[in-house]
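As annotated by TrEMBL, region 'Disordered' applies to 1-20. Taken from TrEMBL, the feature compositional bias 'Gly residues' covers 1-11. Annotated transmembrane segment per TrEMBL: 48-66, 78-97, 103-122, 143-161, 195-215, 227-249, 370-392, 398-418, 430-447, 467-487, in sequence order.
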Amino acid sequence: MAGGGGGGGGAAPKQDELTPHPVKDQLPGVSYCITSPPPWPEAILLGFQHYLVMLGTTVIIPTALVPQMGGNNEDKAVVIQTLLFVAGINTLLQNFFGTRLPAVIGGSYTFVLPTISIILAGRYANEPNPHTKFLRIMRGTQGALIVASALQIIVGFSGLWRNVARYLSPLSAVPLVALVGFGLYELGFPSVAKCVEIGLPELILLVIFAMYLPHTVHMLKSIFDRFAVLFTIPIVWLYAYLLTVGGAYRNAPPKTQFHCRTDRSGLIGGAPWIRVPYPFQWGAPTFDAGEAFAMMAASFVALVESTGAFIAVSRYASATPIPPSVLSRGIGWQGIGILLDGLFGTGNGSSVSVENAGLLALTRVGSRRVIQISAGFMIFFSILGKFGAVFASIPAPIFAALYCIFFAYAGSAGLGFLQFCNLNSFRTKFILGFSVFMGLSVPQYFNEYTSVAGYGPVHTHSRWFNDMINVLFSSKAFVAGFVAYLLDNTIHRHESSVRKDRGYHWWDKFRSYRTDTRSEEFYSLPFNLNKFFPSV
């Protein structure tokens, strides 16, 4: 082994160079962890950055759904405002009473499938007036969401999910958390390419600002990587605006104009100056058993995906692994969040924002206060409609460029748990490989089938049953997590060597809230509420 480490010219490498990297309960290198807030000016800017990042999903979902429901630009603006307002409330609830992690609770793509199913329901087909049709469909989604929220509220607060999470090992967490991030690849480059001349510059600039500039300009190191999003979005947005004004898209097809132009969202004109969203603003919710079942399946998928996202957030906030009782509490509060979605009429359910989990990694700031400030921005801009609409009209390909980096970060949080597993065990290799492969392969079949046939592979006479099964198996994180959890808890589980191979022993002291003193620091409730709601 010549030409190795220090000392003499051909000396053998030092012993410590050959030892593997030590395993870490908490991720090192995070500048501000959950309980240590940055200085106020920096915290406010970081909070605004989180607000900007969560805007993407908040705008993209209503932009896709509201026109199909029969709504116009005014309706779309009000739905986006409502979604933003409720996201702010839900984020604060999760921050203070839920898991207490710096997680943003925003709109969720998981609920889009059952919502489209409600839009296509036969009983709305004969409605001639588009606005009445929009209101009726919105009330239908509200009813379905209100019923579906009960699932997470019961599973979370009863402690049922705590018992499920106790059997989660680092090995079965890897496919779940990895595909919570990587599974969203369809929202990354395919959306950047819808307007590649603004999406690609944003992606390249973001990598330069976050990864290269901090190491070349040492004086401003923490400014570039921490505020990369705030630097790059205005640059590319201005460039897109100049292209729009300069007439670059004058003769472009309507689709290109919609994705590229900065004046095509119709939000600034449609948004009111000041408007406070309120419950039942669209009228009384209507209930349909079948639609509620389909929404419940989506609620269950969101529960599993959020579990993965919470684990990623706890990692990037440099917290200890999340105790199952705290996770269960967070899921219960997320259920209350979906109930609020149903009461206010956002047209969409809530789950943990994966892109904001990725932003924690980019900024290396996992402070709770930053997320509370970002929730303040959400509520503020949702009430001042016109100002909020200005930011909401940033072209979608710019957001997609951010997703390429943030979803990747969230997924690699999952890969990080491999440090606790024995990668030289064939059992580990099988469970890992098979669950990730099936997590990509099964939803691919469901999505391909649906795009060709117009309905999912499960096609019986009962529409709600079809929706339930199709929603479950269209989620990559759900399939991968389910397969990994099932195999990990059934294949030779009781052998002592297997226990070490799957890394189960590393998380032993975090299975109960009391066994590690750090749990109190990160996850205890405020205002002495732990006395009344003890964690076990």
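Backbone N, Cα and C atoms are what each Cβ position is placed from, and that goes for glycine too.
A TrEMBL annotation is a machine prediction, not a hand-curated record.
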Most Cβ pairs under 8 Å with the transmembrane segment (195-215), selected from 103-122, 143-161, 370-392, 398-418: 398-418
Remote residues contacting the transmembrane segment (398-418) - C-beta distance under 8 A, at least 6 residues beyond either end: 27, 53, 55-57, 59-60, 170-171, 173-185, 187-192, 194, 198-200, 202-203, 206-207, 210, 229, 233, 236-237, 240, 308-309, 311-312, 315-316, 354-359, 361-362, 432, 503
Among 78-97, 103-122, 430-447, 467-487, stretch most in contact with the transmembrane segment (370-392) (C-beta, under 8 angstroms): 78-97
Positions on the same chain near the transmembrane segment (48-66), where near means CB under 8 A and six or more residues out: 75-76, 79-80, 83-84, 87, 104, 106-109, 112, 115-116, 119, 134, 227, 229-230, 233, 265, 267, 347-348, 353, 355-356, 359, 363, 370-371, 373-374, 377-378, 381, 391-392, 394, 396, 399-400, 402-403, 406
Range from 103-122, 227-249, 430-447, 467-487 with the greatest count of C-beta pairs under 8 A to the transmembrane segment (143-161): 103-122
Segment proximity, the transmembrane segment (430-447) to the transmembrane segment (103-122), 3 or more C-beta pairs under 8 Å: no
Sequence-remote partners of the transmembrane segment (430-447) [C-beta within less than 8 Å, at least six residues beyond its ends]: 171-172, 174-175, 178-179, 183, 418, 421, 456-457, 470, 473-477, 479-481, 483-484, 487-488, 491
